[in-house]
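What follows is a short report on a single structure.
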Amino acid sequence: MPVESGNSAAARQAKQKRKSHSLSIRRTNSTEQERPAIHRDMLEGQDSKLPMALRSNLLDLFGQIEREFENLYLENIELRREIESLNERLAGEGQTVDGGDLSKGALKTKASHSTSQLSQKLKTTYKASTSKRSNSFHGKVGGPRNFSVGNWELWGGDSWIVSSFKATTSRAVCQLVKEYVGHRDGIWDLSVTRTQPLVLGTASADHCAMLWSIETGKCLLKYAGHAGSVNSIKFHPTEQMALTASGDQTAHIWRYMVQLPLPQPPADISASLDDDVDFSDKDEADGEADGPNECPTVRVASTTLRSHQGVVIAADWLVGGKQVVTASWDRAANLYDVETSELVHTLTGHDQELTHCCTHPTQRLVVTSSRDTTFRLWDFRDPSIHSVNVFQGHTDTVTSAVFTVGDNVVSGSDDRTVKVWDLKNMRSPIATIRTDSAVNRISVSANQRIIALPHDNRQVRLFDMTGVRLARLPRSNRQGHRRMVCCSAWNEENQACNLFTCGFDRQAIGWNINIPALLQEK
């Protein structure tokens, strides 16, 4: 039809323009272009207690964001003009098309691609800015907390991104159970202990990791030994030890001892809300409370792993817990001996920064993800041979790749797809899930093999291994995440709260997923 061809041409032109105006925000507080002299003069004339270098860097970053918004705005205007021209031609041929509907459909769907790109750039910049205290301007002026990824995601989610999925009726099988509030900045990662007592661990950009009572939502312990953003947290398979990776270029192993409080009566969440109502932003003061209840604080690690030359973005325990692997923005993954803290192997081969690493639950296998659109499988089952296999299939940053209990790997990407791979056949995925938003750190349930997808647009969706969508977690004006969702983690040992998610709204959420009912609906 003429409508489709004209709209496709407009979309192609917009895509070419976006490529020519790619955002140049960097992971450090440096800039490629000097601001006009008049801006410098205005900056120097203002009364402020901030150092001049810090103010200049902030001005440069804001300027780059402003230029990208301007490019998107101009592209939007041009596309609207082309739609109006197309409507005029169609009207002359005796056909009519509602231009407003087109703007809500294909136009915004294409614009959401630039939204996803800018979101990833801002996330990268923010993680780098919190890597060291000297660069952690968010802790001094609150800048990224007020403008960065969170507000961009709100604007993108409410005004541009259009969901490609129909409404789900799964509220009865997916219910919010508990909110874990206390961090003073976004939460990048979370996991559940593998030994008793079962507690939830969170890693945040506020330089802290916290342990929480799953039943009561109370903070049991805070780890404050890092000098930068805490980017991941994983627990030892048999002992009460935690492994955290940080923007201060180190990974820490620290011991914890917690005592669970008495459980509280569960809140009544049955009268929850319409899943189709979009999420209205809550008051930011909710996240500015005095923090969690007073809890013990650990400030010294039992083991510090140093050797990376960049942000350590993730870390995990190998099976048995005697070795750990770390992934860094220096494009390398390191294998350490826990007892001696010595570097055993350095795994190189990725062309760009690493984004995630994961170990197999029962075998000495490691998978590393990277911004070079690939993930690699490392085999340590034979001590004398460390083979590597490269998985290619994504068109953008691979944000995470995780093992399942069987012989599968599931990968998520900023290209808005999730792919399921067979370790015995790496040429092509056995299933592909296409979504409407970038996918962050995914998780797969061990027993039922259900994939939980956390999205940039604040949604969390559940799929099976064949790519069939099972549910979307409820999100309305009273519950759910109000910023991008960074990570998900399953805990099938706790029937009341078996899925956890965290996001840049500074909270973690515990969900009850009625898996038998969910599979029956399938």
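Cβ atoms here come from the backbone N, Cα and C positions, even for glycine.
Checking the ranges 94-120, 121-147 against TrEMBL, the region 'Disordered' annotation falls on 94-120.
Taking the repeat 'WD' (347-388) as a whole, pLDDT averages 92 in the prediction. Secondary structure of the repeat 'WD' (391-431) per DSSP, as helix, strand and coil residue counts: 0 helix, 22 strand, 19 coil.
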